[in-house]
Amino acid sequence: MPNKRPLSLHEVRPTTPMTPMTPTVVKDDMNFLELCETFRNYFVEYIDTPQNMSTLKLSPVMTRLCNQLSERGHNRATVAALLWCKAHFDAEEDDFGGHGLGGGRGLACEFVASDLLTSLSANDALEYLCYELPLASKDDDDGNNSAGDETAGLLGGRGGRNVSSPDLEADSIASFAGLNTLEIAILADAKKFLSHRPVERVINGIWEGRISFWKTLDVDGSKKPHFYNKRKADPFCRLRVPKYQKAFEAFFFAVFLALYYGVLIQRDPYHITGLEAALIVFFVAFAVDEISSIRDAGTAFYTADFWSLWDVCIIIIGIAFLIWRIVGIVKDNDEIVDTAFDILSLEALLLIPRVCSLLSMNPYFGVLIPCLKQMTKDFLKFVILVAILYLGFLTTFSLLARESFTLSEMSWMLIKVFFGSSSVGFDAMREISPVLGPPLMLIFVTLTNILLITSLISLLSNSLTNMMNNAREEYLFMFSITVMEAATSNRLVVFYPPMNLLSLILLRPLRLVLSANRMRKWRIALLKFSHFPFVAAIMAYESLWPVNQTRSTATAWGPSTNSKRMSMREGLKSFGRRPDRLQEWSGRLNGGRLGLGGAGSQVGPHAGPALLSSASSMRMDFDGEGASNMKAYANQIDEHGCELHRMRTTIEQLSRKLDEVLAQKSP
């Protein structure tokens, strides 16, 4: 009797009338490591060919997994594990050349993670997206031990123990310890996930302060994401809002730039003036703040920011200026002093663009910066081919013209020819060699000015086109990096520069004699004393422009409920209220279970009631003719939801019958 094919995962699981053939893939009691291993094995088993988003939307395998996670999954680490799998599969694609297979599996991870968020309430979406992988127990920057669930790790911290697993690389998982789900998405380059509407609303909420990570500024304060409530929150916690941090950062750089120009105009070679002393203070404060940012965010996340390279270069040039300046004054050497000011003049190349970095918050400029970054990478790759060709011709021409031109003269001549001065080469070609000079120079000019330059322009044009086709994803990716870098520090007390020098000078030495709690009290007291003007400015801004003021959870974020299955109007819809509600709500219905577009809506047996509930809540905003139109629109939505549910059920039934036929025919 021939052996039968082993039953697949969805065939050995019991089915329910509501969700037929739904597999049980994950369990609520799984830790992060087990979730990563389970999801990785699942995608490896069921995705064995390259996939794109269109095929994933119609795949019954993906539909079953999405159903199971949205209806029976309650593990807060689920989305983080899916995004880790995304990074894992992309790394396999780069290392082993999977011919698109690893990229397809990574795209499937993004699709499932995005789809899961469409069925969550606002509270649950916040918990999933801000779920933080625990660190091993260690002292934080304030001198106190990390407490609670931050020490009972699912895996070892970056400075502590590592977990071991026979199936997964422990170091790969441990490298994400201490990061939350949104930070993992950034490191995994999950741009489609970050551009998903529910994720975008959470990031916008963090940027504007509607979502906060700290409630109170006291010794017992702990980091936990929540919806900001002005009546209960500590006003000094508003210092951690990314929007206000970036505003004060722009002011700091503006003063920094003004001092810089003042020093260059004054230019006293024999004494350190008051302006120069203030410039040095601002520079030291900036360097200390950058070092703190690297410690808080980690090297991998810090380098993901486009402006981090700018900041590092500013620090390097500033250190070089200080060294030359001090040596020149001590030795009373005018040449060294002039060199110091020449080095300082280089800072203008970096400081002026850094002051304008806030333009990247604008969607137009936020897209141009990633385009320039990608085009620079392509250009540097192309330069390798140019350098090889250039060295070959330089060697030949230098040997032919060894009696007429030096190596330096020939090098500059070929550089001029490469950048378009063809006449220079044609004038000197007979001096190089009466016989070989003209044809070789003609070949060189043709290759450089026609072939290579044209190819380079075409390559950069294609890069720009590809980036602009995904302009929204690229902008939101850069915006997410900016927001998360500013908002997710584990330190309770964060000083703005140049006030951070007060903590460094006054409190840092006391760590040797004071306890952790005492140190934290002193840091909080110093913050309240030094940053009171900043908090007053923030409170005045929020009181003068109440539209920008964050409202409480009950009025702005939907009902506070522990129920996970809510209509989108009651949940994530409240993350971004806009006047064009009808158009936005209509666009969301094109996403949901069968697609990534919009915030989505549940498609299933409960789709109709959920949509009617959403319609009912929206009818409160209209009256008269608008109310009647809304009622008719809600009826249409109900019909579309039922139709989509019937389509999904039919697809699942056909898939089940196909599996049964294959099981009978297989030997």
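Residue numbering: from 1, along the chain as shown.
Cβ from N, Cα, C; glycine included.
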Original post:
In TrEMBL, which of 1-22, 133-154, 551-572, 573-594 is labelled region 'Disordered'?
Top reply: 1-22
Subject >> Annotated coiled coil segment (source TrEMBL; candidates 49-76, 637-664) >> reply: 637-664
Original post:
Looking only at residues six or more beyond either end of the transmembrane segment (441-460), which have a C-beta under 8 A from one in the stretch?
Top reply: 375, 378-379, 382, 385-386, 389, 393, 414, 417-418, 420, 422, 425-426, 428-429, 432
